């Protein structure tokens with residue numbers, strides 16, 4: 001029996017999840033029952049079919065009254081703004097993938113459950129009161145049947161935590177710092193316009209823009225041993241997709257570049273990290289990682305070691321596509337924890 005899922009919020013991540021579901025052939029594992037999005041059906045269908053970042057969707061898409069039809073599959077389409085009015089019970093939903101970016105606390109999750117969903121997975125960091133934050137490949141094995149309100153973390157946490165964990169297990173990590181070099185996002189302006197964050201009021205295509213980040217807190221949440229030992233900053237750059245992470249680590253043992261790269265290469269075949277962590281030595285640029293399903297790709301040519309214990313690494317991710325694939329992986333892990 002397939003897992004019956006609904007998607008609440010059909011923006012960049014919601015649409016990427018649907019694309020990943022069909023393009024990966026996982027429709028034999030999941031049944032997409034319902035999509036709830038305030039936008040009109042014509043816009044929903046059009047932006048699923050045509051995407052400036054990921055190209056044309058290679059499956060048929062059409063819409064009719066209250067339905068989106070993908071590759072012949074009829075998916076209920078609703079436009080409900082109140083969580084307390086969603087039709088999950090009537091639709092017998094197993095897991096809601098909440099991709100709005102608007103909700104993220106336990107009460108929000110329970111609103112979905114009170115409407116009939118069995119479980120909820122947020123596509124962004126959740127508050128401290130939710131049942132679990134999962135970085136697939138790192139702690140998805142800890143899920144239990146009682147974890148009903150779950151967060152998939154952030155794209156950057158999914159990108160960096162596997163690398164930190166591998167290096168820590170191999171050499172021992174003392175502390176670290178990270179600079180996230182992130183593509184533009186929907187909260188930025190096309191041209192200068194008012195925004196409460198004055199830096200975000202500037203045109204996205206014209207500047208490298210420093211922004212706030214809670215990445216260090218996200219690392220501590222998954223790897224609590226590092227509490228107070230990581231710092232992070234972030235900038236947005238004028239590209240529409242793919243993120244690079246500039247990672248610096250101080251380790252407890254003497255290492256060389258080969259040691260670091262070999263540890264990463266070995267970890268890519270680890271059962272939990274297979275399909276999550278990747279490694280390359282090709283001379284690639286950011287666009288080459290567009291539509292890459294991994295959470296993190298280590299660029300071995302950029303690994304550096306200073307004074308035997310200070311490591312610098314460059315880690316890439318498609319901040320949309322990799323994360324969308326992990327949403328499906330985590331949803332599957334939530335279902336398996338129930339059985």
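Quick reminder: no glycine exception, Cβ is built from N, Cα and C everywhere.
Sequence annotations record features per position, and here Swiss-Prot assigns active site, nucleophile to 155. The local packing around residue 155 (active site, nucleophile), expressed as other Cβ atoms within 10 Å of its Cβ over all shown chains, amounts to 24.
The NAD(+) binding site feature in Swiss-Prot is assigned to 12, 13, 319. Sequence-distant neighbours of residue 13 (NAD(+) binding site) (same chain, 6+ residues apart, CB-CB distance under 8 A): 99, 101, 123, 320, 323, 324, 327.
According to Swiss-Prot, the feature substrate binding site maps to 154, 155, 156, 213, 214, 236.
Annotated site 'Activates thiol group during catalysis' per Swiss-Prot: 182, in sequence order. In the three-state DSSP reading, residue 182 (site 'Activates thiol group during catalysis') counts as strand.
Comparing CA positions across the recorded positions 12, 182, 319, the one lying closest to residue 214 (substrate binding site) turns out to be 182. Taking Cβ-Cβ distances under 8 Å and a sequence separation of 6 or more, the neighbours of residue 154 (substrate binding site) in its chain are 124, 125, 215, 218, 323. The CA atom of residue 12 (NAD(+) binding site) is located 13 Å away from the CA atom of residue 155 (active site, nucleophile).
Packing around residue 214 (substrate binding site) is summarised by its Cβ count: 15 other Cβ atoms lie within 10 angstroms of its Cβ, all protein chains included.
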